[in-house]
Each structure stands twice: as structure tokens, then as C-alpha cells.
Amino acid sequence: MKIVTYNINGLRPRISQFGSLRKLLDSLDADIICFQETKISKPELRADLVRAEGYESFFSCNRNFDKSRAGYSGVATFCRVKSAFSTDEVALPVAAEEGITGLLESYSNRVMGSQKDECSSAFEGLEEEFSREELLKVDNEGRCVITDHSHFVLFNVYGPRADCDDTERIQFKLTFFKILQRRWECLLHQGRRIFVVGDLNIAPTATDRCDAGPDFEKNEFRTWFRSLLVENGGQFVDVFRAKHPGRREAYTCWPTNTGAEEFNFGARIDHILSAGSCLHKESGQEGHNFISCHVKECEILIQFKRWKPGNTPRWKGGRSIKLEGSDHVPVCMSLEEIPNVLKHSSPSLSTRYCPQVYGYQQTLVSMLMKTRSAEKVKNSEESSSFSEADDCSEGSASQPSCSVTLGLGSNLAKAGSQMETRKKARQSQLSLKSFFQNSSSYSETSQRTSNEIKLSQTDVSTSFCYSKGSPAHVEENCNPKDGVSDVSASSQVDNEFDGCQPSTKEKSNVALLEWQRIQQLMQNSIPLCKGHNEPCVARVVKKAGPNLGRRFYVCARAEGPASNPEANCGYFKWAVSNSKCKG
């Protein structure tokens with residue numbers, strides 16, 4: 001079987017890139033697919049985003065209601081199966097759980113071993129060390145889905161990111177990994193095998209980072225990661241490094257704002273870790289371990305990189321080309337000799353049981369029925385509104401004339417109501433029935449609408465001219481037989497009003513010349529980088545601090561090794577501010 005982990009940097013854009021969720025999943029060709037950073041909240045779960053034929057899915061979404069973190073993080077595990085019920089497939093989990101603290105699931109739904117009492121006491125120990133609010137805060141960001149596949153327990157993890165000067169997020173990251181490690185130890189104590197896959201946001205060694213400095217490996221999170229490994233006395237194996245111990249420049253993530261993919265200037269922060277014995281009866285003998293017995297291969301799927309050979313370099317116009325894809329690439333592990341398990345069905349965490357998805361699919365018919373009834377109401381309103389318009393514009397025997405009131409305030413309100421009526425009429429034409437109307441009826445409707453628009457323009461323009469010195473309210477009677485003279489009078493007023501205003505073409509020409517002048521000034525003020533003597537690019541400081549919002553210039557080329565003359569030369573210059581301090 002095949003397991004893939006992939007930080008997709010938003011599920012919706014990846015679905016749009018591949019055309020559908022099913023095509024995205026099929027492109028990875030794996031039995032278990034673990035996504036991180038889905039950026040979907042619980043209310044946004046819909047069938048087209050979470051359900052695909054032939055796959056069972058399990059989501060953990062961000063539960064924070066803070067607007068600044070809306071649509072933040074999120075993980076999802078997709079399992080390719082032939083059936084979701086009474087199947088012996090290993091890919092379909094026998095149990096699934098959201099979060100790592102055990103507070104988001106009932107006791108019966110937790111992923112545990114046979115010694116449930118010991119696991120329960122471990123959770124009680126967590127509540128003694130951390131408050132309930134702290135534990136819920138860890139799980140509310142949607143950073144882990146645990147699936148039990150009988151032979152192994154799979155942790156799909158999206159590790160927190162923390163800047164070196166952000167003490168609050170550093171503490172959150174420490175708490176998250178401490179609780180996660182406690183959960184691993186609980187399962188390993190029961191003899192369970194564990195896979196940990198995902199974006200942990202940790203590059204463990206200097207080999208795993210392009211620009212690692214001399215103190216790189218002293219970071220507390222990197223030290224913690226290495227302490228988990230077998231070579232340092234831990235119980236986990238870094239599967240990729242076990243299969244490729246000497247491979248360098250094997251990265252899985254690249255900064256998006258510097259074009260670092262072009263020179264493969266990135267980091268390896270997406271991992272697959274394994275702990276536990278092999279499935280053979282001779283597992284206790286020397287030479288028998290899970291990696292050597294069951295892991296066939298582990299590779300980084302670089303074909304999913306956004307930057308492709310042949311793309312235009314950034315300094316030759318490539319900056320304007322939008323690159324599709326995530327800033328990460330998938331990591332794949334192939335397993336062999338994994339036997340089937342006892343027959344079971346999809347656990348309750350599956351999205352097939354999710355109320356939003358289930359309810360959405362059940363109400364499709366009712367939604368269509370509501371749409372049809374709404375169209376009938378719109379059509380009836382449309383016919384009545386058109387009949388009223390005909391009575392007003394053409395006149396009748398009972399009403400030989402109509403009174404038109406011209407005034408600054410009243411006419412603006414009247415014109416606004418007429419425009420609102422016409423908007424509703426246009427929207428009603430979007431119904432299914434309107435597409436089958438005869439062209440003649442459509443042209444008649446268009447002619448009436450254009451006449452109404454012209455009359456309303458006459459009202460507004462006339463009121464504008466009267467407001468300069470004439471009485472603000474004038475009444476004028478018009479009979480149907482005098483319609484020709486009224487139209488000529490209105491056109492005359494329109495011409496007088498247009499004559500005192502600059503034309504649209506003149507305005508656009510003035511705006512274009514002004515914009516060209518501004519662009520030329522900006523171009524002349526852009527400095528040239530020292531390394532390549534090329535125009536720099538302007539950026540703005542977005543990090544909170546004394547320089548927030550301040551503009552600066554950097555070399556336009558893609559970030560890369562300092563030894564590469566084609567890469568970014570590192571030029572930096574603050575933009576000169578013209579503002580002066582006022583005493």
C-alpha cells in the first residue's frame with residue numbers, strides 16, 4: 001500500500017487547479033492521503049470539497065471564531081477503498097479521532113489499544129498538568145486527525161509555526177508537541193505501531209535546510225525532534241533519511257515570496273516517522289524491524305513543484321507569471337506485505353456522516369423545487385410590472401395624461417427607484433423561461449427599458465440645471481399625443497447638460513496621462529541592485545514592530561545559494577520617505 005502526506009496550502013485552490021477533488025486525489029495515486037493546511041472551517045464542509053467516489057475522508061477543522069484565524073490550518077485524511085462497509089481493507093480505519101487531547105471525542109470513539117484504563121489515566125494526567133482551556137486551545141486549531149488501521153495508528157499532523165520572537169506561539173508549539181508525544185508514548189506502551197506524517201514545521205538537521213547557520217541545530221524544537229529518533233535513544237525512525245541517509249538538497253517546502261523554488265533553496269519540514277516492530281512472527285530477531293521488512297521506498301514527489309523547467313526567470317518577466325500549486329510537495333511511502341484485517345465499516349468521524357454534507361445531499365431536490373416556485377413568482381411579478389409600465393408609457397382611455405414632477409430631491413429618489421425596478425427586471429430575465437422568449441418580445445422590452453432610462457436621465461439632468469438658479473420644484477404636464485415634442489425637448493436638455501461637462505473619452509485620456517506620469521516617476525526612483533545592476537522590487541514590512549508598513553527595495557532575482565551568481569544578490573535599501581516631522 002501507499003501513504004502520501006501533502007501540505008496543499010488550501011484545499012479549494014488545489015481542487016480548482018486539478019478540476020475536481022477526485023482528480024486531485026487520483027493524481028497522487030495512494031491508498032491513504034494526508035492533507036495539511038486545508039483552510040476549511042466546519043460550516044464550509046460541502047460534498048464537492050470533502051467527498052469523492054471511492055474515498056472515505058476524515059477532517060479536523062479550525063474551531064476558532066477569531067476572524068484573524070478564519071479558515072486557518074486544518075487537516076484531512078482520505079482513504080481509497082472499494083467499500084465503506086463490511087470490508088477487510090487496511091486503508092479503511094477501524095476507528096478515527098479528531099485532535100490529540102481526547103476532549104473532542106467521546107471515550108468510546110477514542111483511538112486506543114487494549115489497555116484503555118492506562119490510556120484513560122494518561123489523559124487524566126494531562127488535565128492535571130494543563131487546564132481544560134489550554135487543552136481545547138490545542139485541538140481547536142484543527143491540527144491532527146488520528147486513524148487506527150489495526151496494524152498501525154496513523155497521525156496526520158500539521159505542526160504549529162512560531163517565529164523566534166513570538167513567545168505566545170512558541171509556548172503553544174511546546175504544549176502541542178508535549179501533548180502529542182504523551183499520546184505516542186501511551187500507544188507505544190501498549191505495543192501499537194505508529195506512523196506520524198505531515199508538515200511538522202521542523203527541519204531537524206542542517207542538511208535539511210538550505211541556509212542553516214552554525215547554531216541551527218541548537219533550536220529547542222530541532223533538538224526535541226532528534227531526541228525522538230532511534231539513533232538518539234528514541235523510538236521513531238525518520239523514514240526518508242533511513243532510505244536516503246546521504247541525500248542533500250532534498251527539500252519539501254520553499255518560500256513563495258522569494259521565488260526560491262527556482263534554485264531549490266528550501267527546507268525539509270514534511271516528514272514520515274515510524275515506530276514499532278514489524279508484522280512478522282520473528283519480529284524479535286535481529287534484522288527484523290518495520291523499515292527493513294515493510295517499507296519499500298520513501299520519496300519526495302518533486303514533480304508537484306510549482307516551478308517547472310523552462311519557466312521564465314523572475315528577472316526576465318517571470319514575476320508576473322502565476323505559478324499554480326502549493327509551496328510544498330508531497331512525500332510518499334510505499335509499504336509491502338501488509339495483510340488484510342477483520343471486516344469493519346467506516347467509523348463515525350467519516351464525512352459521510354457529517355450533518356453539513358449529509359443534509360446538503362438530502363435537500364438537493366427540495367432546493368430545486370424552491371427554485372422553480374421562486375421562478376414562478378418572479379415571472380408573475382415580471383408580467384405585472386411590465387403591464388404597469390405599458391399603462392404609464394403609452395397611456396389609456398381612462399388616464400389620458402400623466403404628471404411628471406421635476407425637482408432635485410424628488411427626481412433623484414424617483415430615478416433611484418426606477419433603476420431598482422429595472423435591476424429587478426434584469427434579474428428576473430435570468431430565469432429559465434426568459435432564455436426561450438422570442439427575440440421580438442425581447443427587443444420590445446429592451447426598447448421600453450431604454451426609453452425609461454432616457455426619461456430618467458432627462459429628469460436628473462433637468463433637475464441639475466434648475467438647481468443652479470431656477471425653482472427647485474417645477475411641474476409639467478405631458479399628453480401622449482405630445483410625445484414627439486417631449487423627446488426632442490429632453491434630447492435638447494441632454495445636449496446642453498453634456499456640453500458643460502467633459503466627455504468620458506477626455507476624462508480617460510487625462511487619467512491615462514497622469515498614470516503614465518506617476519509610473520515614470522516611480523520607475524526613476526527605483527534603485528538598481530549592486531550584484532546585477534537591475535531594477536529592484538519594492539516590498540512592505542508586514543511584521544508587527546517599529547517598521548510595520550515601511551517600504552523597502554530588494555534584488556528582484558529568485559533567492560538561492562550565495563555561491564550562485566544568478567541568484568538573489570542580497571541587495572537591500574529602505575525607501576526614502578518624503579514626509580517631514582512637524583514640530
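Just so it is clear, glycine is given a Cβ too, placed from its N, Cα and C backbone atoms.
Look at TrEMBL and you will find D199 tagged as active site, proton donor/acceptor.
Per TrEMBL, the feature Mg(2+) binding site maps to N7, E37, D199, N201, D327, H328. Contacts of N201 (Mg(2+) binding site) defined by a Cβ separation under 8 A and a same-chain sequence distance of 6+ are given as G159, P160, R161, I269, in order along the sequence.
According to TrEMBL, the region 'Disordered' annotation covers 376-401.
For N201, the entry in TrEMBL reads site 'Transition state stabilizer'.
Counting every protein chain shown, the Cβ of D270 (site 'Important for catalytic activity') has 24 other Cβ atoms within 10 Å. The site 'Important for catalytic activity' feature in TrEMBL is assigned to D270.
Marked as site 'Interaction with DNA substrate' by TrEMBL: H328. For H328 (Mg(2+) binding site), the number of other Cβ atoms no farther than 10 Å from its own Cβ, over all displayed protein chains, is 24.
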Nearest of the recorded positions (N7, D199, D327, H328) to D270 (site 'Important for catalytic activity'), judged by Cα-Cα distance
D199
What's the CA to CA span in angstrom from H328 (Mg(2+) binding site) over to D199 (active site, proton donor/acceptor)?
9
The answer, for which of the recorded positions E37, D199, D327 has its Cβ ringed by the most other Cβ atoms inside 10 Å, is D199
Cα-to-Cα gap, E37 (Mg(2+) binding site) vs D199 (active site, proton donor/acceptor), nearest whole Å:
9
Within 10 Å of the Cβ of N7 (Mg(2+) binding site), how many other Cβ atoms can you find? Include all protein chains, please.
25
Euclidean distance between Cα atoms of N7 (Mg(2+) binding site) and D199 (active site, proton donor/acceptor), Å:
6
